[in-house]
Ligand SMILES: Nc1ncnc2c1ncn2[C@@H]1O[C@H](COP(=O)(O)OP(=O)(O)OP(=O)(O)O)[C@@H](O)[C@H]1O
Ligand SMILES: Nc1ncnc2c1ncn2[C@@H]1O[C@H](COP(=O)(O)OP(=O)(O)OP(=O)(O)O)[C@@H](O)[C@H]1O
Ligand SMILES: [Mg+2]
Ligand SMILES: [Mg+2]
């Protein structure tokens, strides 16, 4: 369908898991940036990394009129009722990053999300190359209930399986909590004299663990992360991290603006002939080679 | 014995002195009115029927938890485990219900609605442990329920194992997320619980004992009131209310998962104390809790209707809470002055 | 004067009765020994020097917060805002420091170490608000600090705006994450704070006043102790300790972000009460807090060393906490029996 | 004794109002150097309030205060202490968790050159101060572990020997044993010679007359009279305290009275071999219908704990209790005791009343289940409360007033009313007249006589001989947790009781 700036100003409501998370905060900036270009006025409903608060916010969102809506759920399934109400009212709802509810249960306009399994696999693969397929590795998972974490863990395992000389030492979850990660890594470093590589389900945890490693003089561990936010790019550039993979916040949030404008202005349909029900928005693995370019693209809210 | 030289006199000015005596209750009410007026003037979408329904629905779960907590706080105890018990009960209910094939939990589905009484029994058991610890072992409720908070979280985690369960028995689904006409069932349930709590506290012997135990534990004991039984019962009521809230909450949110209810702890405590029930026991009641619930409900909801820096909202919520507390304290002081002068 | 006729006989067996009198302190100590024995037998990597350093380092931040909290709890008050104040202070410090270009915060970098005194002033200001609310307005500390918890979170959110800041002044970086020889600086700082806290509580008039205020507020008042000043000072000390912990924590974890310190509230309270300091004030001290810190530190760390279902760990931690509390209560009861019989 | 020293403290026109209640109006009061000034008055007359003003606890008042000629106005207790004024309060103020030494030096812990608390000096100093009062206790034990009487002595040691120029003692002797009182008086005598001005408040008029140089009488917040103690006497004091109607009261203060012969009534309460480790042991007695048994002993002799144990508050370790021949299972606490027909009125008002609640609720709390098993019946409650208020002459006669707003004597009556509306089989009265003025004491005597006539068994425990003597038909004396002697059907006086204790 034809795309472009909307002639009349559109009102859109956005909500993501919680602005405490850098990834979400960057998404907000991207949505607002692209919204301005496309003449969309974005109203934000913060999920506060809290299922109840986000539900309250989405209830309030659903009691108002919007041209379109984009939501990343903090707790899967918790937002289904008010989202259904908006869909029934004919508002295009774009689902970001995490399922609001299983796709067959909720008729969202489109689901824009990266493939977590792919992200987990590709970074793990990069780590395997770095240690030449031999040695020991630790995975520090996100919260076990998080679908993203579950996907990344699956990707990790699918790759590790192919390297028989690599031993997985530990997969204790860090729950996205940097204080817990620091504690777990204290123990890992004491318990395991030789760790070749470590894969973290996000960069924040990776950087927190790096701090512990540096304090204990164990900077030889190859670190892989996920998200590729600017501080992680910096870490990749100066060698603290080996690799990370871009979870393209700007692409997802900016994409939601474009999908919404197309739906409202050009009447783009959902599914066949229009926007696919499920759009995979993967980003690349980031190493020293492409980190600079990645940083530039993020500054332009492109990825 | 001496001859009766005195006669029993009625109050001199019943209306005015009654009003003054109600100051403690009026202050939160005034806060509520002020907030409603403020948000109505700031946003056209706030003062609508649809949004009123929203607010009521949003405070329903907190309300059910807060009823139990009101009993506990009136006894001059505290229950920090309410949210955790709610969470564990909701998860237990889902654990005992047949789940969709996509859900990957080694659960124990039971036929029919059998999971409902079992989940309730589960939360009552947690309540009984708390009651035992507080009244028999003599652990202060603050730390006993702190431990129970972690135990509740542990049970929830162990059952749901990081997964999300979606299905609960139909009855619970209806009560948690259905409506009768325009009125959500959950609002009906919450109102019923609030009303029952009020009736019990105001019109039953047990309710009177709750106030007396909170007002002066030693005096209650010396009057032959079974203080430990009353406190234990309050703890059980609190667990039952939390359990009910947890079950309905799972239906309301459409899912059962770990840590889902975490912020209900602060919300419920805030509702009770903002409403003017004293943390030192013996003063307040469900009426106060209702006002407190509405103050917080309006505040949370209203801030979403106002265009405002998302990061500023958290601070503003804290400041309004503080303001409500300050007003409460001053109103109470005025009231006790009024009483001393009366 | 006449010869003394009212004589309380000195204890018959001083050693044994002294031991019994120390039961309250011995119980948490026994719990600690039991935990150490348990984990040592379960994992070879637990009882190593390296891991001892880990444990000490891991409890350091909690320890600094717990020192301030010990003052507050000894006064029979509570401070629920410690973690939030720590978080806000850490964020404020980073906000006032030059950040890396990759960090996208509209901050106000100050030259040199000027941000350190300013951040400290910030947390003291929060403490002053709490102290004012509790001692002047008369809001119970439980709800006053509940409101301050939210205000602290609000300030943190407003400053860091969802970003993560990484840089703090060099001095703080060194103290938070550097080492002198094999000893991490943060352990040195925490030990200094603990020692200072102990000395202040034991050997200064102010410290003794803290015990008096907590033990019998009226008696303290009658003896000319400025009760409100003491409570206010305890609140300020708590805020200062939290602020220090927040600043070092940011250096320790290498980042400043929202909600980073949330766990420290329950951890610090648990450490103080598990150590045997009474929530009703007047009993306990830094010695108890140290034991409490080690019990929790060993528990958290030890569970990491044991290969065990992650979901079960949460429950086990809760159960061990409850067990420690039960032992505490019984030990105390035994002790008061010993006292009554002595 | 003569007190002609220069004025140490002068109060002129002091008035104090509490939100509508005038507690003191236009008080003039002078304390001279080396004078021991006795202060008496009914409950609520304003004695403590005036002393609290002097000790800096009520900074808001009208009128002026001069210390050694210079006008002063204290903003806090600290100001008053700094000016050399010390006060022992009516309510015990000990910090139970802290050591005896620290309690003796509370708020004035000795410090060394570095400004740090010196524990050694503290213990030495505490020992000296305690020895001056004739007590030798280990200064390192927690003060809360001492018997009540010793705790009171610790508090006395703190204030009396802190080197103050003006010493205020507000009913300091109510928890002391007679030898302890004697030692206190001897000490006061020494202080007086060294120039300290002492104000001594007590409801024991004999004590007042014995030790004071000057006495002042308060009534309804006014100073009624001041005179040299030598020129007054007990009748004079009572007359000025009470005003009209004092003649009847004076009669009840006979020195020796004959206990009546034992009535041939059935035993209601039978206690056999009662014991709680460390408190009392091997206590057996019976109380018959319509009989008042007095249980006398010094503070800490175990009689108060015995009453608590009978009420179910303190678990009994040994022995059996029967009410009307049926064993009472006291393990279930106070509710079980209540079911067995035992009612208890403890010694402290704070421990029996719900201060912010109206009189009605305070009266009916113990009989709600008789009105209705589950529901409340406010109208019935009100009727019951009104009947009691009328019966006992509680003033003001309003059942909706918070009980905390009543004067002390009336509060005590409300506490009694609770059990009168629902007569138990056994009534345990612990220190029923402690801290009460002569008029209120007389009311209690008459209420107890009325109950006796209705055939219930009454146990009165007290450490005041007067209380037991004025109420009991038969007296048991306890010493160190055991029954030392029984007085029945024979003449008995204060001195014989004391000798037995
Ligand atoms: N803080 C207060 N607030 C209100 N009223 C008070 C307060 N303190 C005392 N009063 C009132 O002042 C009056 C005088 O009380 P005060 O304690 O001085 O009496 P008292 O002579 O010491 O009596 P007692 O012999 O019972 O100790 C009483 O009516 C009392 O209720
Ligand atoms: N704190 C208070 N608030 C309100 N009213 C009070 C307060 N204290 C005392 N009163 C009232 O002041 C009046 C005088 O009290 P006061 O203590 O002088 O009584 P009283 O005649 O001495 O009684 P009693 O002999 O029983 O002690 C009483 O009506 C009492 O109810
Ligand atoms: Mg009187
Ligand atoms: Mg008095």
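Backbone N, Cα and C atoms are what each Cβ position is placed from, and that goes for glycine too.
All annotation found in TrEMBL is predicted automatically rather than curated by experts.
Tertiary proximity for the transmembrane segment (B:26-49) is limited to same-chain residues at least six positions away from its ends with a CB under 8 Å from its CB atoms, namely 19, 274-276, 288, 291-292, 294-295, 298-299, 301-302, 305-306, 320, 323-324, 327-328, 330-332. Positions annotated as transmembrane segment by TrEMBL: B:26-49 (among others).
Annotation source TrEMBL lists transmembrane segment at B:55-75 (among others).
For the transmembrane segment (B:82-102), the residues of the chain that approach it from at least six positions outside its boundaries are 61, 65, 68-69, 108-110, 114-116, 118-120, 122-123, 126-127, 148-153, 155-156, 159-160, 165-169, 172, 238-239, 241-243, 245-247, 249-250, 256-265, 268, judged by C-beta separation under 8 angstroms. Positions annotated as transmembrane segment by TrEMBL: B:82-102 (among others).
Look at TrEMBL and you will find B:114-135 (among others) tagged as transmembrane segment.
Remote same-chain residues near the transmembrane segment (B:142-164) are listed as 78-81, 83-85, 87-88, 91-92, 94-95, 103-107, 126, 129-130, 133-134, 255-259, 265 (criterion: CB distance under 8 Å, separation of at least six residues from the stretch ends). The transmembrane segment annotation in TrEMBL covers B:142-164 (among others).
Counting only same-chain residues 6+ beyond the ends of the transmembrane segment (B:184-204), those with a CB under 8 A from a CB of the stretch are 53, 56-57, 59-61, 63-64, 67, 70-71, 74, 174-178, 210-211, 241, 244, 248, 252, 285-287, 289-290. Annotated transmembrane segment per TrEMBL: B:184-204 (among others), in sequence order.
For the transmembrane segment (B:225-253), the list of distant contacts is 60-62, 64-65, 67-69, 71-72, 74-75, 77, 79, 81-83, 85-91, 93-94, 116, 119-120, 122-124, 126-128, 130-132, 134-136, 141, 168, 172-177, 186, 189, 193, 206, 209-210, 212-213, 217, 260-261, 264: same-chain residues at least six beyond its ends, Cβ to Cβ under 8 Å. Residues or ranges marked as transmembrane segment in TrEMBL: B:225-253 (among others).
The transmembrane segment feature in TrEMBL is assigned to B:273-299 (among others).
Using a Cβ-Cβ cut-off under 8 Å and counting only residues 6 or more beyond its ends in the same chain, the transmembrane segment (B:311-331) has close neighbours at 23-24, 26-28, 30-31, 35, 270, 273-274, 276, 295-296, 299-300, 303. For B:311-331 (among others), the entry in TrEMBL reads transmembrane segment.
Outside the transmembrane segment (B:273-299), and at least 6 residues removed from its termini, the chain residues within Cβ reach (under 8 Å) are 24-25, 27-29, 31-32, 35-36, 39, 55-56, 58-59, 62-63, 66-67, 70, 73-78, 194, 197-198, 201-202, 211-216, 267, 317, 320-321, 324-325, 328, 331-332.
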